[in-house]
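Colleague: According to TrEMBL, the feature transmembrane segment maps to 12-32, 44-68, 88-108, 129-148, 154-176, 216-237, 243-263, 275-293.
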Amino acid sequence: MLLLIERRQVTLILKFSIAITALIYVVYLVDWERSIKVLRQADIRWLLSAFGLSLLGICFAAFRWVILLRAAQKLYSVVSAYRAYLTGTFYSLAMPGVIGGDATRIWLCHRAIDASISLVAATVLLERVLGVLALLFLLSVGISFFPITTRGLGVGIVPTLALSGLCGIIALPFLLRRFSISQQFQGRCADNRFITWVLKASKGLAPLKTVRVTHLLSALILSVIFQLFDIAVTYSIAQALEIKLSTSMLLVAMPIVYLATVLPISPGGLGVREGALVFVLAQFGISAADAALLALTVFVNRAAVGVLGGLQYLVGGKKISAKKVR
């Protein structure tokens, strides 16, 4: 037990080290003398638009979560789900790696509707799966805008993964209701990490046996819309900073950046998101200094959303979330 705690502490320290190193590197890349001039001349309307789009995009994420909860026969209002998302954003920034945004949402929902933590966690896990699938579809669309000679391996792999994921989502309700795993099979596959991970994921999704394909497809569409809003946020900030980014570039760059944050190498994707954005935009000819400034401004916008989430929780969200939804 003690060894397990020490491993977790070491893992957390390593993740924070990666996050801090990545952020320091991004800050180092910024041409501050030029950036200060750019920020002073930035069109505030684009920056306010980015903030507004961030808040509006969360509405679609909240709708997605409510659909999955109702599919699991649990009622949770869209307003409560929205506030839980905002609060989760605050905690993921204020205490990354300690109390994640997902963990915060799970706790608030569990307390509000008296649902089991395992069931609420299963809906959040399914949200994440749908989010990754949405990113793969958007990346497939983005890749299609570029000549075949410049697409590399992504020309076939990404669409194949997206279609395979869609087939998996369509088959998921049937598998959850029909498929059971014997203890003997679990014992035989104990040494296979991939199969073990799949088994754990299937156990995590087990409470969602009442979910239908229509629920999943609706949630997937909302995931795509939510990701498009995030892309629009980055586009708005780029416009404010007078960084020329096309829609096709962002449809490739942003899904790659968000997929990179899925990797468990930093708390909440902190640092990885910013570093990945600089790296990917460099492949499109955007200077490191401009890409770094964009990455940091996007982070500040996200932090502003988190601060708003913290304020709404302190002012009234705590009381509202504690009420049971009828």
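The backbone N, Cα and C atoms fix where each Cβ goes, glycine too.
TrEMBL annotations: computationally assigned, not manually curated.
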Colleague: Please give the sequence-distant neighbours of the transmembrane segment (243-263): residues at least 6 beyond its ends with Cβ less than 8 Å from one of its Cβ atoms.
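Modeller: Residues packing against the transmembrane segment (243-263) from afar: 128, 131-132, 135-136, 138-139, 141-143, 145-146, 227, 230-231, 234-235, 269, 272-273, 276-277, 280-281, 284, 286, 290-291, 293-294.
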Colleague: Look at every Cβ pair spanning the transmembrane segment (275-293) and the transmembrane segment (12-32), keep those 6 or more apart in sequence, and say whether at least 3 of them are under 8 Å.
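Modeller: Yes, the transmembrane segment (275-293) contacts the transmembrane segment (12-32).
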Colleague: Other than its close neighbours in sequence, what residues sit by the transmembrane segment (216-237), given a CB gap under 8 Å and a spacing of at least six beyond its ends?
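Modeller: Counting only partners 6 or more residues beyond its ends, the transmembrane segment (216-237) has Cβ contacts under 8 Å with 46-47, 49-50, 53-54, 56-58, 60-61, 63-64, 67-68, 126-127, 130-131, 133-135, 137-138, 166, 169-170, 172-173, 245, 247, 250-251, 254-255, 258, 294, 297-298, 301.
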Colleague: Using a Cβ-Cβ cut-off of under 8 Å, list the residues of the same chain that are 6+ residues beyond the ends of the transmembrane segment (154-176) and lie near it.
Modeller: 129-130, 132-133, 136-137, 139-140, 143, 148, 202, 205-206, 208-209, 211-213, 216-217, 220
